[in-house]
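The following features are taken from Swiss-Prot:
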BINDING   108-131, 216-239  NADP(+) binding site
BINDING   Gly181, Gly183  K(+) binding site
ACT_SITE  Cys186  active site, thioimidate intermediate
Amino acid sequence: MRIEEDLKLGFKDVLIRPKRSTLKSRSDVELERQFTFKHSGQSWSGVPIIAANMDTVGTFSMASALASFDILTAVHKHFSVEEWQAFINNSSADVLKHVMVSTGTSDADFEKTKQILDLNPALNFVCIDVANGYSEHFVQFVAKAREAWPTKTICAGNVVTGEMCEELILSGADIVKVGIGPGSVCTTRVKTGVGYPQLSAVIECADAAHGLGGMIVSDGGCTTPGDVAKAFGGGADFVMLGGMLAGHEESGGRIVEENGEKFMLFYGMSSESAMKRHVGGVAEYRAAEGKTVKLPLRGPVENTARDILGGLRSACTYVGASRLKELTKRTTFIRVLEQENRIFNNL
(Lines of atoms letter the chains of each structure in order from A and count residues from 1; the text may use other names and numbers.)
(Lines give C-alpha, C1' and ligand atoms only; values in the text may rest on other atoms or scores of the structure.)
Protein backbone atom coordinates (compact mmCIF):
# COMPACT_ATOMS: atom_id res chain seq x y z
CA MET A 1 0.00 0.00 0.00
CA ARG A 2 1.10 3.55 -0.65
CA ILE A 3 -0.44 7.00 -0.80
CA GLU A 4 0.14 9.49 -3.59
CA GLU A 5 -0.05 12.96 -2.10
CA ASP A 6 -0.29 14.97 -5.33
CA LEU A 7 -3.61 16.81 -5.52
CA LYS A 8 -5.92 15.49 -8.26
CA LEU A 9 -8.60 17.76 -9.70
CA GLY A 10 -12.00 17.45 -11.33
CA PHE A 11 -13.76 19.98 -13.53
CA LYS A 12 -15.52 21.53 -10.53
CA ASP A 13 -12.18 22.39 -8.91
CA VAL A 14 -11.01 24.87 -11.55
CA LEU A 15 -11.95 27.74 -13.83
CA ILE A 16 -10.17 28.94 -16.96
CA ARG A 17 -8.34 32.24 -16.55
CA PRO A 18 -9.39 34.82 -19.18
CA LYS A 19 -6.69 36.31 -21.42
CA ARG A 20 -6.37 39.16 -23.88
CA SER A 21 -8.03 38.38 -27.20
CA THR A 22 -8.02 39.88 -30.69
CA LEU A 23 -11.19 38.04 -31.69
CA LYS A 24 -14.12 40.28 -32.54
CA SER A 25 -16.88 37.66 -32.41
CA ARG A 26 -17.61 34.11 -31.33
CA SER A 27 -18.32 33.40 -34.99
CA ASP A 28 -14.60 33.87 -35.68
CA VAL A 29 -13.78 30.66 -33.76
CA GLU A 30 -13.13 27.49 -35.78
CA LEU A 31 -14.27 24.40 -33.85
CA GLU A 32 -13.44 21.89 -36.57
CA ARG A 33 -10.27 19.85 -36.04
CA GLN A 34 -8.32 17.85 -38.59
CA PHE A 35 -6.64 14.65 -37.42
CA THR A 36 -4.53 11.92 -38.98
CA PHE A 37 -4.50 8.87 -36.74
CA LYS A 38 -1.33 7.06 -35.69
CA HIS A 39 -2.10 3.46 -36.64
CA SER A 40 -4.95 3.60 -39.14
CA GLY A 41 -3.39 6.41 -41.16
CA GLN A 42 -6.91 7.70 -41.74
CA SER A 43 -7.64 11.43 -41.79
CA TRP A 44 -10.79 12.93 -40.30
CA SER A 45 -12.14 16.44 -39.90
CA GLY A 46 -15.03 17.57 -37.76
CA VAL A 47 -16.01 18.82 -34.32
CA PRO A 48 -14.28 16.42 -31.88
CA ILE A 49 -17.25 15.70 -29.65
CA ILE A 50 -18.64 12.16 -29.40
CA ALA A 51 -22.08 11.02 -28.22
CA ALA A 52 -21.46 8.18 -25.76
CA ASN A 53 -21.98 4.52 -26.64
CA MET A 54 -24.87 4.09 -24.19
CA ASP A 55 -28.29 2.56 -24.91
CA THR A 56 -29.98 5.85 -24.18
CA VAL A 57 -27.56 8.13 -26.06
CA GLY A 58 -25.66 6.35 -28.84
CA THR A 59 -28.54 5.59 -31.22
CA PHE A 60 -28.90 5.73 -34.99
CA SER A 61 -31.25 8.70 -34.63
CA MET A 62 -28.64 10.52 -32.54
CA ALA A 63 -25.97 9.81 -35.16
CA SER A 64 -28.13 11.23 -37.94
CA ALA A 65 -28.96 14.36 -35.94
CA LEU A 66 -25.43 15.12 -34.72
CA ALA A 67 -23.78 14.47 -38.09
CA SER A 68 -25.25 17.77 -39.28
CA PHE A 69 -23.11 19.47 -36.60
CA ASP A 70 -20.01 17.46 -37.65
CA ILE A 71 -20.19 15.62 -34.29
CA LEU A 72 -19.42 11.91 -33.92
CA THR A 73 -21.69 9.27 -32.36
CA ALA A 74 -20.42 6.04 -30.84
CA VAL A 75 -23.41 3.83 -31.64
CA HIS A 76 -24.01 1.35 -28.81
CA LYS A 77 -23.16 -2.31 -29.31
CA HIS A 78 -26.64 -3.77 -28.82
CA PHE A 79 -28.01 -3.11 -32.31
CA SER A 80 -28.19 -6.20 -34.51
CA VAL A 81 -26.39 -6.57 -37.83
CA GLU A 82 -29.78 -6.32 -39.55
CA GLU A 83 -30.52 -3.02 -37.78
CA TRP A 84 -27.13 -1.72 -38.86
CA GLN A 85 -27.88 -2.71 -42.45
CA ALA A 86 -31.17 -0.82 -42.38
CA PHE A 87 -29.45 2.26 -40.95
CA ILE A 88 -26.71 2.15 -43.58
CA ASN A 89 -29.24 1.77 -46.39
CA ASN A 90 -30.97 4.95 -45.25
CA SER A 91 -27.89 7.05 -44.44
CA SER A 92 -25.56 9.17 -46.54
CA ALA A 93 -21.80 8.72 -46.61
CA ASP A 94 -21.54 11.99 -44.68
CA VAL A 95 -23.53 10.52 -41.78
CA LEU A 96 -21.55 7.27 -41.80
CA LYS A 97 -18.22 9.08 -41.49
CA HIS A 98 -19.49 10.46 -38.16
CA VAL A 99 -20.29 7.00 -36.76
CA MET A 100 -18.26 4.77 -34.44
CA VAL A 101 -19.08 1.06 -34.23
CA SER A 102 -18.96 0.02 -30.57
CA THR A 103 -17.95 -3.41 -29.36
CA GLY A 104 -17.13 -5.40 -26.25
CA THR A 105 -14.28 -7.89 -26.02
CA SER A 106 -15.93 -11.30 -26.35
CA ASP A 107 -15.48 -13.57 -29.37
CA ALA A 108 -19.12 -12.96 -30.25
CA ASP A 109 -18.56 -9.19 -30.09
CA PHE A 110 -15.57 -9.51 -32.41
CA GLU A 111 -17.46 -11.54 -35.02
CA LYS A 112 -20.46 -9.22 -34.91
CA THR A 113 -18.26 -6.13 -35.30
CA LYS A 114 -16.51 -7.74 -38.25
CA GLN A 115 -19.88 -8.32 -39.93
CA ILE A 116 -20.94 -4.71 -39.32
CA LEU A 117 -17.70 -3.24 -40.66
CA ASP A 118 -18.04 -5.39 -43.78
CA LEU A 119 -21.42 -3.79 -44.54
CA ASN A 120 -19.93 -0.49 -45.70
CA PRO A 121 -16.34 0.76 -46.09
CA ALA A 122 -17.42 4.22 -44.89
CA LEU A 123 -17.53 2.86 -41.32
CA ASN A 124 -14.01 3.85 -40.28
CA PHE A 125 -14.22 4.02 -36.47
CA VAL A 126 -14.28 1.18 -33.94
CA CYS A 127 -14.91 1.92 -30.25
CA ILE A 128 -13.73 -0.92 -27.99
CA ASP A 129 -15.40 -0.25 -24.68
CA VAL A 130 -15.07 -1.91 -21.27
CA ALA A 131 -15.45 -0.45 -17.79
CA ASN A 132 -11.95 -1.54 -16.74
CA GLY A 133 -9.29 -1.13 -19.39
CA TYR A 134 -6.50 -2.41 -17.15
CA SER A 135 -6.91 -6.12 -17.87
CA GLU A 136 -4.44 -8.08 -19.97
CA HIS A 137 -7.38 -9.57 -21.88
CA PHE A 138 -8.44 -6.08 -22.97
CA VAL A 139 -4.96 -5.17 -24.19
CA GLN A 140 -4.81 -8.42 -26.16
CA PHE A 141 -8.20 -7.69 -27.72
CA VAL A 142 -7.03 -4.24 -28.84
CA ALA A 143 -4.00 -5.85 -30.49
CA LYS A 144 -6.27 -8.45 -32.13
CA ALA A 145 -8.56 -5.70 -33.44
CA ARG A 146 -5.63 -3.75 -34.84
CA GLU A 147 -4.37 -6.82 -36.67
CA ALA A 148 -7.84 -7.56 -38.05
CA TRP A 149 -8.65 -3.97 -39.08
CA PRO A 150 -5.35 -2.23 -39.90
CA THR A 151 -7.01 0.75 -41.61
CA LYS A 152 -9.79 1.34 -39.08
CA THR A 153 -9.39 4.03 -36.43
CA ILE A 154 -9.61 2.32 -33.05
CA CYS A 155 -10.77 4.05 -29.87
CA ALA A 156 -10.24 1.95 -26.73
CA GLY A 157 -10.81 2.33 -22.99
CA ASN A 158 -11.43 3.13 -20.27
CA VAL A 159 -8.28 3.99 -18.34
CA VAL A 160 -7.12 6.97 -16.28
CA THR A 161 -3.34 6.78 -16.00
CA GLY A 162 -0.49 7.54 -18.35
CA GLU A 163 1.25 4.17 -18.32
CA MET A 164 -1.91 2.30 -19.35
CA CYS A 165 -2.68 4.92 -21.95
CA GLU A 166 0.75 4.27 -23.45
CA GLU A 167 0.25 0.50 -23.40
CA LEU A 168 -3.03 0.74 -25.30
CA ILE A 169 -1.50 3.02 -27.94
CA LEU A 170 1.46 0.68 -28.36
CA SER A 171 -1.01 -2.21 -28.70
CA GLY A 172 -2.83 -0.52 -31.57
CA ALA A 173 -5.27 2.08 -30.23
CA ASP A 174 -5.38 5.39 -32.09
CA ILE A 175 -7.50 7.07 -29.41
CA VAL A 176 -7.62 6.11 -25.72
CA LYS A 177 -10.85 6.65 -23.79
CA VAL A 178 -10.13 8.26 -20.42
CA GLY A 179 -12.44 8.14 -17.40
CA ILE A 180 -13.33 5.79 -14.55
CA GLY A 181 -16.31 6.78 -12.46
CA PRO A 182 -17.06 10.41 -13.42
CA GLY A 183 -20.25 9.72 -15.42
CA SER A 184 -23.60 11.12 -14.29
CA VAL A 185 -25.17 7.65 -13.92
CA CYS A 186 -21.99 5.79 -12.94
CA THR A 187 -21.58 4.54 -9.36
CA THR A 188 -18.22 2.78 -9.73
CA ARG A 189 -16.49 5.16 -7.34
CA VAL A 190 -18.95 4.57 -4.51
CA LYS A 191 -19.35 0.83 -5.15
CA THR A 192 -15.64 0.09 -5.49
CA GLY A 193 -13.68 3.05 -4.13
CA VAL A 194 -11.81 3.15 -7.45
CA GLY A 195 -11.50 6.20 -9.69
CA TYR A 196 -9.55 9.29 -10.64
CA PRO A 197 -10.65 12.95 -10.81
CA GLN A 198 -11.37 13.58 -14.46
CA LEU A 199 -9.40 16.75 -15.20
CA SER A 200 -6.18 15.33 -13.76
CA ALA A 201 -6.76 12.07 -15.64
CA VAL A 202 -7.16 14.01 -18.88
CA ILE A 203 -4.04 16.12 -18.33
CA GLU A 204 -1.86 13.13 -17.44
CA CYS A 205 -3.19 10.81 -20.15
CA ALA A 206 -2.98 13.51 -22.83
CA ASP A 207 0.67 14.05 -21.98
CA ALA A 208 1.38 10.32 -22.25
CA ALA A 209 -0.63 9.79 -25.45
CA HIS A 210 0.71 12.80 -27.32
CA GLY A 211 4.26 11.70 -26.58
CA LEU A 212 3.58 8.57 -28.64
CA GLY A 213 1.57 10.24 -31.38
CA GLY A 214 -1.73 8.96 -30.00
CA MET A 215 -4.85 10.80 -28.87
CA ILE A 216 -7.35 10.70 -26.01
CA VAL A 217 -11.05 11.24 -25.52
CA SER A 218 -12.27 12.54 -22.17
CA ASP A 219 -15.22 10.31 -21.29
CA GLY A 220 -17.50 11.43 -18.46
CA GLY A 221 -17.75 14.19 -15.91
CA CYS A 222 -19.09 16.99 -18.12
CA THR A 223 -22.26 18.63 -16.81
CA THR A 224 -22.06 21.96 -18.66
CA PRO A 225 -20.53 23.39 -21.84
CA GLY A 226 -17.90 24.92 -19.55
CA ASP A 227 -16.77 21.44 -18.52
CA VAL A 228 -16.38 20.51 -22.19
CA ALA A 229 -14.14 23.55 -22.62
CA LYS A 230 -12.10 22.52 -19.56
CA ALA A 231 -11.61 19.02 -20.97
CA PHE A 232 -10.28 20.44 -24.23
CA GLY A 233 -8.21 22.95 -22.29
CA GLY A 234 -6.70 20.07 -20.32
CA GLY A 235 -5.45 18.45 -23.51
CA ALA A 236 -8.28 16.15 -24.62
CA ASP A 237 -8.43 15.64 -28.38
CA PHE A 238 -12.07 14.50 -28.19
CA VAL A 239 -14.77 14.80 -25.52
CA MET A 240 -17.44 12.12 -25.07
CA LEU A 241 -20.83 13.14 -23.66
CA GLY A 242 -23.54 10.96 -22.15
CA GLY A 243 -25.79 12.72 -19.65
CA MET A 244 -25.66 16.04 -21.49
CA LEU A 245 -27.16 14.35 -24.57
CA ALA A 246 -29.66 12.13 -22.72
CA GLY A 247 -33.39 12.76 -22.51
CA HIS A 248 -33.79 14.00 -26.08
CA GLU A 249 -36.08 12.78 -28.85
CA GLU A 250 -33.13 10.97 -30.45
CA SER A 251 -31.81 9.39 -27.24
CA GLY A 252 -33.84 6.20 -27.40
CA GLY A 253 -34.71 5.90 -23.71
CA ARG A 254 -38.01 4.45 -22.51
CA ILE A 255 -40.61 7.13 -21.84
CA VAL A 256 -42.67 6.96 -18.65
CA GLU A 257 -45.49 9.22 -17.48
CA GLU A 258 -46.05 10.43 -13.92
CA ASN A 259 -48.82 12.82 -12.90
CA GLY A 260 -49.33 13.85 -16.50
CA GLU A 261 -45.65 14.66 -17.08
CA LYS A 262 -43.44 12.60 -19.38
CA PHE A 263 -39.92 11.50 -18.49
CA MET A 264 -37.23 9.48 -20.25
CA LEU A 265 -35.23 6.81 -18.43
CA PHE A 266 -31.45 7.19 -18.55
CA TYR A 267 -29.18 4.56 -17.04
CA GLY A 268 -25.54 3.60 -16.77
CA MET A 269 -24.32 0.65 -18.81
CA SER A 270 -23.30 -1.23 -15.66
CA SER A 271 -26.61 -0.48 -13.94
CA GLU A 272 -29.23 -3.04 -12.96
CA SER A 273 -31.49 -1.66 -15.71
CA ALA A 274 -28.86 -2.27 -18.41
CA MET A 275 -27.97 -5.74 -17.17
CA LYS A 276 -31.62 -6.79 -16.94
CA ARG A 277 -32.19 -5.61 -20.49
CA HIS A 278 -29.15 -7.24 -22.07
CA VAL A 279 -28.03 -10.19 -19.94
CA GLY A 280 -31.12 -11.04 -17.92
CA GLY A 281 -30.07 -9.44 -14.65
CA VAL A 282 -27.15 -8.77 -12.32
CA ALA A 283 -24.91 -11.81 -11.97
CA GLU A 284 -24.66 -13.13 -8.41
CA TYR A 285 -20.90 -12.48 -8.27
CA ARG A 286 -21.10 -8.76 -9.09
CA ALA A 287 -22.77 -5.51 -8.06
CA ALA A 288 -24.45 -2.97 -10.28
CA GLU A 289 -22.18 0.03 -10.82
CA GLY A 290 -24.69 2.40 -12.35
CA LYS A 291 -28.04 3.98 -11.60
CA THR A 292 -31.25 4.83 -13.42
CA VAL A 293 -32.69 8.34 -13.45
CA LYS A 294 -35.82 9.93 -14.92
CA LEU A 295 -35.16 13.00 -17.06
CA PRO A 296 -37.80 15.48 -18.20
CA LEU A 297 -38.10 15.29 -21.99
CA ARG A 298 -35.74 17.82 -23.54
CA GLY A 299 -36.94 17.96 -27.15
CA PRO A 300 -34.66 17.70 -30.20
CA VAL A 301 -30.94 17.32 -29.51
CA GLU A 302 -30.08 20.09 -31.98
CA ASN A 303 -30.88 22.75 -29.36
CA THR A 304 -28.48 21.18 -26.85
CA ALA A 305 -25.80 20.74 -29.52
CA ARG A 306 -26.00 24.43 -30.39
CA ASP A 307 -25.74 25.35 -26.70
CA ILE A 308 -22.62 23.19 -26.23
CA LEU A 309 -20.92 24.50 -29.36
CA GLY A 310 -21.86 28.08 -28.49
CA GLY A 311 -20.35 27.73 -25.02
CA LEU A 312 -17.20 26.24 -26.50
CA ARG A 313 -16.83 29.11 -28.97
CA SER A 314 -17.31 31.61 -26.17
CA ALA A 315 -14.65 29.89 -24.04
CA CYS A 316 -12.22 30.21 -26.94
CA THR A 317 -12.92 33.95 -27.28
CA TYR A 318 -12.26 34.48 -23.56
CA VAL A 319 -8.72 33.14 -23.92
CA GLY A 320 -7.96 34.40 -27.42
CA ALA A 321 -8.06 31.05 -29.20
CA SER A 322 -9.20 31.49 -32.80
CA ARG A 323 -9.31 27.70 -33.26
CA LEU A 324 -10.27 24.88 -30.92
CA LYS A 325 -6.80 23.46 -31.58
CA GLU A 326 -5.31 26.48 -29.78
CA LEU A 327 -7.46 26.19 -26.66
CA THR A 328 -5.13 23.94 -24.67
CA LYS A 329 -2.15 26.22 -25.44
CA ARG A 330 -4.14 29.24 -24.29
CA THR A 331 -5.55 27.62 -21.15
CA THR A 332 -4.40 28.48 -17.64
CA PHE A 333 -6.47 26.80 -14.93
CA ILE A 334 -7.03 28.48 -11.58
CA ARG A 335 -8.10 26.46 -8.56
CA VAL A 336 -11.36 27.67 -7.04
CA LEU A 337 -13.77 26.91 -4.22
CA GLU A 338 -16.86 28.06 -6.12
CA GLN A 339 -18.11 27.85 -9.70
CA GLU A 340 -21.24 29.99 -9.82
CA ASN A 341 -23.73 32.07 -7.88
CA ARG A 342 -26.42 29.55 -6.90
CA ILE A 343 -28.94 31.84 -5.20
CA PHE A 344 -31.73 31.10 -7.70
CA ASN A 345 -30.86 27.48 -8.52
CA ASN A 346 -33.83 26.03 -6.63
CA LEU A 347 -36.43 28.31 -8.23
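Using the three backbone atoms N, Cα and C, a Cβ is placed for every residue, glycine included.
The two recorded residues, Ala108 (NADP(+) binding site) and Cys186 (active site, thioimidate intermediate), have Cα atoms 26 Å apart.
Of all Cβ atoms in the protein chains displayed, 33 besides its own lie within 10 Å of the Cβ of Ile216 (NADP(+) binding site). For the recorded site, Ile216 (NADP(+) binding site), the DSSP three-state label reads strand.
DSSP assigns Lys114 (NADP(+) binding site) to a helix. According to DSSP, Cys186 (active site, thioimidate intermediate) sits within a strand segment. Between Lys114 (NADP(+) binding site) and Cys186 (active site, thioimidate intermediate), the C-alpha separation comes to 29 Å. In the three-state DSSP scheme, Val126 (NADP(+) binding site) is classed as strand. For Gly234 (NADP(+) binding site), other Cβ atoms within 10 Å of its Cβ number 29.
A simple Cβ count within 10 Å picks out one of the binding-site residues Val126, Val228 as the most packed, and that one is Val126.
Counting in whole angstrom, Cys186 (active site, thioimidate intermediate) lies 13 from Cys222 (NADP(+) binding site) by their C-alpha atoms. When the Cα atoms are compared, Val228 (NADP(+) binding site) and Gly183 (K(+) binding site) turn out to be 13 Å apart. Residue density at Cys222 (NADP(+) binding site): 27 other Cβ atoms are found within 10 A of its Cβ, drawing on all protein chains shown.
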